[in-house]
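Worksheet: the structure to be examined is printed underneath.
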């Protein structure tokens with residue numbers, strides 16, 4: 001029998017406190033998603049069909065993290081999800097949605113409803129700005145067959161030229177009491193749009209994770225051989241692709257990674273793996289970040305069904321040992337129950353954590369609401385569950401094309417307590433990590449990694465760590481028993 005190592009998970013270890021002059025409120029949580037993309041908080045929402053679509057992704061990016069839109073949908077639908085995130089706000093919208101004057105108000109309503117916007121510039125066939133259609137123009141219109149050109153606010157409009165700063169734009173909009181400022185070139189061709197909503201959001205969400213154009217960052221999951229999907233997502237403006245598999249150390253994954261890096265300019269996160277060798281091979285093939293975790297998720301049964309995996313603390317430690325030599329970030333995916341688990345993962349050298357169950361219960365997640373015994377819940381399922389596999393994730397478990405009755409699941413379907421908004425959950429997780437860094441005397445995540453020392457604890461130590469000898473009469477927002 002070949003026993004390679006003693007393997008530990010989050011509940012097996014604790015960090016030892018250190019002398020500290022660092023206050024939790026003063027620490028920096030800035031980190032990296034990939035070698036080229038930063039994060040303002042080290043949190044990623046999982047690419048699961050009950051966790052991340054555009055609403056979760058928008059919420060995560062506004063808070064400084066990022067969401068990974070799942071792939072259990074056709075290419076066009078996934079592209080639309082990415083577009084909704086990229087269009088949700090922007091410093092300057094460089095490719096604004098527009099409409100032609102001969103279109104109907106019904107057409108305009110489809111556009112505004114689909115992209116959740118309150119108005120749209122109107123252009124002619126040459127792209128020249130000729131008006132703008134806003135809520136004010138259509139508020140009392142009941143005949144949706146009317147032409148946009150008959151209802152819109154016509155030129156002259158208050159406009160600005162390419163290169164205007166957001167501060168200058170804000171002053172101009174305030175002066176003229178307008179909510180939308182079209183950006184035009186010297187020939188009056190529409191080149192961009194600035195909205196007062198985006199300026200307000202910049203103030204409301206100062207830590208938002210944005211790209212070079214002021215748009216929220218977002219990632220998307222793809223499967224083996226899905227180069228067409230990857231290309232369409234990159235065209236839509238996705239910031240990073242997640243090449244997602246239950247077994248990231250496979251020939252097909254390595255081949256797909258090499259093909260993507262050869263043909264597209266985009267950062268690729270690859271996983272899932274748990275060994276040094278796998279990490280080395282993925283980095284050699286071009287991975288911009290490595291995702292770690294086989295079987296730690298609450299809804300994953302891989303370790304039981306297949307007898308394969310590794311406890312998450314040891315898995316992170318293995319992969320970080322190799323990835324750190326190449327300055328490649330490691331993402332700890334799965335097994336996070338408490339904010340203390342996040343702190344442990346970061347102290348082990350992970351650059352960020354990917355979260356599923358804790359976000360599945362939020363308002364923004366795509367799971368279904370349900371009431372059970374008088375309490376609110378939301379549905380949550382593993383991507384290896386029968387339901388998820390029949391919707392498109394079977395390739396993640398190397399069962400693509402298998403009839404539904406022949407699938408061998410590696411996950412279950414269940415429910416999790418409703419936990420309010422994404423911002424409420426992230427607030428508690430961030431607060432816990434800040435507290436941990438204060439105990440460790442770490443001003444930033446790098447110092448946490450450099451400073452942290454661990455002790456292995458017994459089952460009695462774990463029991464002592466949890467609430468004991470008392471009945472909880474009022475639940476805490478960050479402790480689930």
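Using the three backbone atoms N, Cα and C, a Cβ is placed for every residue, glycine included.
Annotated domain 'CBS 1' per Swiss-Prot: 92-148, in sequence order, evidence recorded as sequence analysis.
If you look up Swiss-Prot, you'll see 152-209 marked as domain 'CBS 2'. Per-residue pLDDT, averaged along the domain 'CBS 2' (152-209), amounts to 88 for this model.
In the three-state DSSP scheme, residue 244 (NAD(+) binding site) is classed as strand. Here Swiss-Prot flags 244, 293, 294, 295 as NAD(+) binding site, drawing on sequence analysis.
Taken from Swiss-Prot, the feature K(+) binding site covers 295, 297, 300, 464, 465, 466, and the record attributes it to sequence analysis. Close to residue 465 (K(+) binding site) in the fold, though at least 6 residues off in sequence, lie 14, 457, each with a CB less than 8 Å from its CB.
For residue 382 (IMP binding site), the number of other Cβ atoms no farther than 10 Å from its own Cβ, over all displayed protein chains, is 26. Under the three-state DSSP scheme, residue 382 (IMP binding site) falls in the coil class. For 298, 333, 334, 335, 356, 357, 380, 381, 382, 383, 384, 410, the entry in Swiss-Prot reads IMP binding site, with the evidence type sequence analysis.
The annotation active site, thioimidate intermediate is assigned in Swiss-Prot to 300. Secondary structure at residue 300 (K(+) binding site), taken from DSSP and collapsed to helix, strand or coil, is strand.
What Swiss-Prot lists as active site, proton acceptor is 396. DSSP classifies residue 396 (active site, proton acceptor) as helix under the three-state reduction. Residue 396 (active site, proton acceptor): 25 other CB atoms within 10 A of its CB, across all protein chains.
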If you skip the near sequence neighbours and keep only those at least six away, which residues in the chain come within under 8 angstroms of residue 356 (IMP binding site), Cβ to Cβ?
45, 46, 48, 51, 297, 298, 299, 334, 380
Close binding-site residues near residue 382 (IMP binding site), where close means Cα within 10 Å, chosen from 244, 293, 300:
300
Can you tell me which of the binding-site residues 295, 300, 464 is spatially closest to residue 384 (IMP binding site)? Compare CA atoms only.
300
Neighbouring C-beta atoms (10 Å sphere around the C-beta of residue 466 (K(+) binding site)):
9
Using C-alpha atoms, which one of the recorded positions 244, 294, 295, 396 comes nearest to residue 466 (K(+) binding site)?
295
